[in-house]
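Below: the structure, in structure tokens.
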Amino acid sequence: MISKKCCNNAKLLCRLRPSINKGETKHEGILSVALMAELTPTPNRFWSPKVASEVELEVDEEGKISPQDAAVKTTSPTNVHKILAEFAATYILIFTGCGSIIVDVLHNISIVGIAIVWGLVVMVLVYTVGHISGAHFNPAVTIAFAVSRKFPWRQVPIYIGTQIVASLLATITLHVLYNKQVDLDKIVNGFSEPTTALEAIVWEFILAFILMFVICGVATDHRAVNDLSGVAVGGAILLNVIVAGKVTGASMNPARSIAPAVVSSNYKNLWVYIVAPILGATAGSLVYGAMQVPQPDKSEDTTMPA
């Protein structure tokens, strides 16, 4: 516990540390002494991801924080900011990820190389725009968050539309750049014998389940180490692609599957890559939610640890 003398009339400047979706934001002191402060939510007021947000907290003589009385200055991302971030990041994801498949056709970088590209680009993008849009990039993730009440339903159509349009634009860009070198069908998700449609559904369901389970673990749990969220999510995608990339293409993302199918006019088994990831991601979110420990009432202890 910090001494009464140290805390008297002191102010603690904290910078909010946003996670990759709408969970409560962690924050840490940026004084020379490592101080951690826990904000106490008030009715109808929750601390959510902010952009370049700073909170000035009054510390009383007992070392307790009263956020209701603190001078709070925050700047939240608008819907325009979120859509632009989601659009740009999804475009980069599809352009880079599907581009790696084309590079594999031309230069044989192997399934491991493709998996590394997908994992790395997701990791980079989570850290780049996670604090703005939540870093969904995937209709299945958006729907899963909405079903588990971690994302507002009213924003679901906007997010999904943005993700699909960005994926289409990225696919068209690849088509223009590689039109004379590689058939666009190479980046269309699909499976062939001996894999059946049922097996493909199971594969994509499991892959999406794993992905969403990991996302929930690092993004929605108050006990999570959010600094590693990008590494964890990118790692999950990397492993999934290595395991199932040669079986179903390891889509996990309806927008990633829809865009190449539309641009190449190849809709064979597209429904598998729409239905299975949505069901799998939703299941992953609900299962993690069922085992998640409720966040303790912060009002019970708002003192700063020494």
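Using N, Cα and C of the backbone, Cβ positions are placed for all residues, glycine too.
TrEMBL annotations:
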TRANSMEM  83-103  transmembrane segment
TRANSMEM  109-129  transmembrane segment
TRANSMEM  158-178  transmembrane segment
TRANSMEM  198-219  transmembrane segment
TRANSMEM  231-250  transmembrane segment
TRANSMEM  270-291  transmembrane segment
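The stretch from 83-103, 109-129, 158-178, 198-219 that makes the most Cβ contacts under 8 Å with the transmembrane segment (231-250) is 109-129. Residues 19-21, 23, 140-141, 144, 148, 191, 225-226, 228-229, 232-233, 235-237, 239-240, 243-244, 247-248, 250-252, 269, 272-273, 275-285, 287-289, 292 of the same chain lie 6+ residues outside the transmembrane segment (198-219) yet bring a C-beta within less than 8 angstroms of a C-beta in it.
Within its own chain, the transmembrane segment (109-129) has Cβ neighbours under 8 Å at 20, 85-86, 88-89, 92-93, 96-97, 99-101, 103, 135, 137, 229-231, 233-235, 237-239, 241-242, 245-246, counting only residues six or more beyond its boundaries.
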